[in-house]
Amino acid sequence: MATRAQPGPLSQAGSAGVAALATVGVASGPGPGRPGPLQDETLGVASVPSQWRAVQGIRWETKSCQTASIATASASAQARNHVDAQVQTEAPVPVSVQPPSQYDIPRLAAFLRRVEAMVIRELNKNWQSHAFDGFEVNWTEQQQMVSCLYTLGYPPAQAQGLHVTSISWNSTGSVVACAYGRLDHGDWSTLKSFVCAWNLDRRDLRPQQPSAVVEVPSAVLCLAFHPTQPSHVAGGLYSGEVLVWDLSRLEDPLLWRTGLTDDTHTDPVSQVVWLPEPGHSHRFQVLSVATDGKVLLWQGIGVGQLQLTEGFALVMQQLPRSTKLKKHPRGETEVGATAVAFSSFDPRLFILGTEGGFPLKCSLAAGEAALTRMPSSVPLRAPAQFTFSPHGGPIYSVSCSPFHRNLFLSAGTDGHVHLYSMLQAPPLTSLQLSLKYLFAVRWSPVRPLVFAAASGKGDVQLFDLQKSSQKPTVLIKQTQDESPVYCLEFNSQQTQLLAAGDAQGTVKVWQLSTEFTEQGPREAEDLDCLAAEVAA
């Protein structure tokens, strides 16, 4: 509602009237000089909408004043792990057997008597038949050729002109180790040398970077891995010492050493062999032979010391006169030992190669005292039992057959390999393989009629006597410049592998073809016939 005032003339006393109006409100009535009364009027409502809101629009925003949720975690301080294992096998299912009463014993006996003669006759025919000779089931891929898998070397040793003098495979067949030294003329007693090993099963194998390297103060001439400890290896030095290393210890690999005492060899050590202690198949001793004529047995005691437990001496006057022997070129009474091989059938029986060229059959059980004045902390005994016909020069290597108790091979400077029977002095056969020296010969661990020889002309010769007894089946060229091959070893665990070391300081690992790794039919019988025919 709006109030509207009617206009009218104001009197001179207008100001007083206004005051009266303000005080009283409405005049009692119109009159001259008085204003008209105030009246109420109802007018229409006018609305003006907001244009600003339409332009700006309405915006909504959602805000949160609550903090993020609190992260919690639960942990058990005394949790228990439970593992269930069942060790009891399932109860065996009883085999259903018919009661004995259901068998007709008399009729069964009559049937067996009736067919016995016919079955025996057929079995005899099958036994004498050769229909399936040569039949074999081949579960692996056939390897047709001999190939070189690895060419290994140690550049610092090769830079010094050192030769690979010995090779050995460890008990697992995965690691091959070599000794560096010199086998030619000269005084190498003060020359620093090395023992190196490569793990062929490593994916990151580096042929010129051995897995283990041991620096040795004197030239190493021979090496042999422990039969059961894969990282233990024994070595013989030019100085006459025998040492044992643990190749898994990179900082200080030396385990034991003989030291330079009265018991130590006075000449270079030719070969070392691990032997089980009598009565302790899990404990081993180290046997060493040298050109001073002594055969010594060492046992590791305490920390770092090899102690002499048994000793033998080869004296010319005590050798059995089984054959005519040449006089020792220097007129000495001691006979220098150059190689040794133990029988696979008698752990006390061994063959020695000598500087005089004649092999000796010896025994660790010998009790006769040696007629020598060489100093020793233990009594020295004379081990020789039998003397065989000699080579034309010193023997460098001998190897006993793993398949026949009486057969062994020898190789020497005359370039011949002799096959001997322990039952007679003359060799069963003599093969001239080279016009130069033969430094090593080894019998195959899987083929009774196969052996390998290393020559001074840089080759490795593989012989299969079942095919030919006069020429090698395979000739492997180890060195292109005909540098001598000084050593070789079959791998008894991975029988397809053969390692050979040469004068260039290189070790080559050869993969043999299938014909050298799988035994043929009647091969063992043929070896028996070879020994029996000539020895008869």
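Placement of Cβ uses the backbone N, Cα and C atoms for every residue, glycine included.
The annotation phosphoserine is assigned in Swiss-Prot to SER15 on the grounds of similarity to another entry.
What Swiss-Prot lists as region 'DYNLL2 binding' is 80-93, and the listing cites experimental evidence.
Under the heading repeat 'WD 4', Swiss-Prot lists 433-473. Across the repeat 'WD 4' (433-473), the DSSP tally of helix, strand and coil residues reads 0 helix, 18 strand, 23 coil.
Per Swiss-Prot, the feature repeat 'WD 5' maps to 480-520; the stated evidence is sequence analysis. Averaged over the repeat 'WD 5' (480-520), the predicted model reaches a pLDDT of 94.
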Residues of the parent chain within Cβ reach of the repeat 'WD 5' (480-520), under 8 Å, 6 or more residues beyond its termini: 134, 136, 138, 142-154, 157-158, 161-169, 171-174, 176, 178, 180, 183-184, 198, 200, 436-437, 439-440, 442, 444-448, 450, 452-460, 462, 464, 466, 473-474
DSSP helix/strand/coil residue counts for the repeat 'WD 5' (480-520): 3 helix, 18 strand, 20 coil
